């Protein structure tokens, strides 16, 4: 566990383990200072604004190459976005899923929270809402996402996320039909560090308010319409200014079944330190899916923070970024998976 006696804290991860900002040189960082989430907190801004700006920055810059537009095409070659933001002071949440044509998914999520009585909007209706609220409709496809899709088609649509269908999804592309007799043994799960990317952020501001948020383009080659854990409150992230916040990443189809972020925050409310809370949330999933791919970051209201991850093929350590009032330079932290 890490301890910081501070009034402001920002903890960030990318699901690939590549830390936010690490790929920017000094000059680039100066140019992009207005989008720096830590700058928001340092200047007295709110945790909510910090989370939104940090997530939006990754949507624009792609961060590790595939957050936001132009990445993770689905089975039809289209990129869609999911995002969520939570105000731990008011317990309000805004989220969008399967968002098309809009690059600023986290901004639309906040609009859902502040301009409607709802929590989650999905699909084409979410896109129409965004356009009506003034967000610009743009093509989310890029040459890179087209190339990813074409290579996938050439490789007989491998990997994919189908099961109990014919023709055999492990050998060929669709269209698929359901099998009359379902096989009991499932296929090996395909989610890993390069199949999808998510950014998650949790922030504590000078007033003691906590916020959390996520944004992602989901699994590469997912079935169209698939929604993972990122925009689901309590799964992708959770925040409560009376206890703390958490954000999770990994195999969202599995992790969302256990609400790890909610569990971690409730454990901290009950007195667990962030390290124990993170580990317990991971262990709960591990009990049922021993080789699942996933990690979580946790922070409480006193400035303590930690992370935990499940040891799986391709994931032996998890990296995350911490910014605080003791240093203007984001600190790269590493935790060994268990």
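Here the Cβ of each residue, glycine as well, is placed from N, Cα and C on the backbone.
TrEMBL annotations: computationally assigned, not manually curated.
Residues or ranges marked as active site, nucleophile in TrEMBL: 198. A sphere of 10 angstroms centred on the C-beta of residue 198 (active site, nucleophile) encloses 28 other C-beta atoms.
Per TrEMBL, substrate binding site is recorded for 226, 227, 228, 229, 249, 250, 251, 252.
Its own atom aside, the Cβ of residue 252 (substrate binding site) has 30 Cβ atoms within 10 angstroms in the protein chains shown.
When the CA atoms are compared, the binding-site residues lying within 10 A of residue 198 (active site, nucleophile) are 249, 250, out of the candidates 226, 227, 249, 250, 251. Comment: substrate site residues 226, 227, 228, 229, 249, 250, 251, 252; largest CA to CA distance 16 Å, whole number. Summarising the environment of residue 229 (substrate binding site), the number of other Cβ atoms within 10 Å of its Cβ, over all protein chains shown, is 30. Here residue 227 (substrate binding site) comes close to 82, 97, 98, 122, 218: these same-chain residues lie at least six apart in sequence, with C-beta atoms under 8 angstroms from its C-beta.
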